[in-house]
Amino acid sequence: MAASSSHLFALPSPASPFLSAPNRNRVRVLAKSCPENQSFDSNDSDSSSETTHKAQGDQKSVSRRQWMTACVCASAALISNSYTFVSVQSAAALDKKPGGSCRNCQGSGAVLCDMCGGTGKWKALNRKRAKDVYEFTECPNCYGRGKLVCPVCLGTGLPNNKGLLRRPGARELLEKMYNGRLLPDS
């Protein structure tokens, strides 16, 4: 299966002396499009240059600075269009809820436990007689999970939860949250 695309070739040709100023070097650009299966050789450029001399009144000469600027801009545009990367921020923006997200938990509905720092383990001091020993036990705040339900959005992840506490089951929801029976992401 052959792709039908064409390649553009640009050939600088000397500018006519009456079009260019004596202090400026000008270059005339001839662009020719040919398909992939057809080769581009110098014979084609000679025959096409004859046709350009016939239509010389229609063409305009371009300075080298303008030509280089156009080449740089075109190549930068082609490079930027050929590679499309999805950044982590834009991918995260696609997953967000349409109404925004909670500022405290960033829309996840859960925050790290402030007592254990998200590890789920708590350093407890065990004092026996003359020596003190630190033991790691289950965190009494998050019960070893390392996460707590966000107290601002109450686990919804939404920035505005007006009326949530007016619902009939809100009292049970708050009681579960304060006693640690309400799990994040549930």
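Keep in mind that glycine also has a Cβ here, set from the backbone N, Cα and C atoms.
Noted in Swiss-Prot for the protein shown:
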- 1-22: region 'Disordered' (REGION)
- 1-75: transit peptide (TRANSIT)
- 8-22: compositional bias 'Low complexity' (COMPBIAS)
- 35-60: region 'Disordered' (REGION)
- 39-49: compositional bias 'Low complexity' (COMPBIAS)
- 102-109: repeat 'CXXCXGXG motif' (REPEAT)
- 113-120: repeat 'CXXCXGXG motif' (REPEAT)
- C113, C116, C139, C142: Zn(2+) 2 binding site (BINDING)
- 139-146: repeat 'CXXCXGXG motif' (REPEAT)
- 150-157: repeat 'CXXCXGXG motif' (REPEAT)
Most Cβ neighbours inside 10 Å, all chains, among the binding-site residues C113, C142:
C142
So how many of the residues in the repeat 'CXXCXGXG motif' (139-146) end up helix, strand or coil by DSSP?
0 helix, 0 strand, 8 coil
For the Zn(2+) 2 site (C113, C116, C139, C142), what does the 8 A shell look like? I mean other same-chain residues with CB within 8 A of the CB centroid.
D114, M115, G117, G118, T119, G120, K121, W122, P140, N141, Y143, G144, R145, G146, K147, L148
Long-range neighbours only, meaning 6 or more apart in sequence with Cβ under 8 Å: which ones does C116 (Zn(2+) 2 binding site) have?
W122, C139, N141, C142, G146
Counts by DSSP class (helix H/G/I, strand E/B, coil) across the repeat 'CXXCXGXG motif' (150-157):
0 helix, 0 strand, 8 coil
Whole-number mean of pLDDT values that fall within the repeat 'CXXCXGXG motif' (139-146):
86
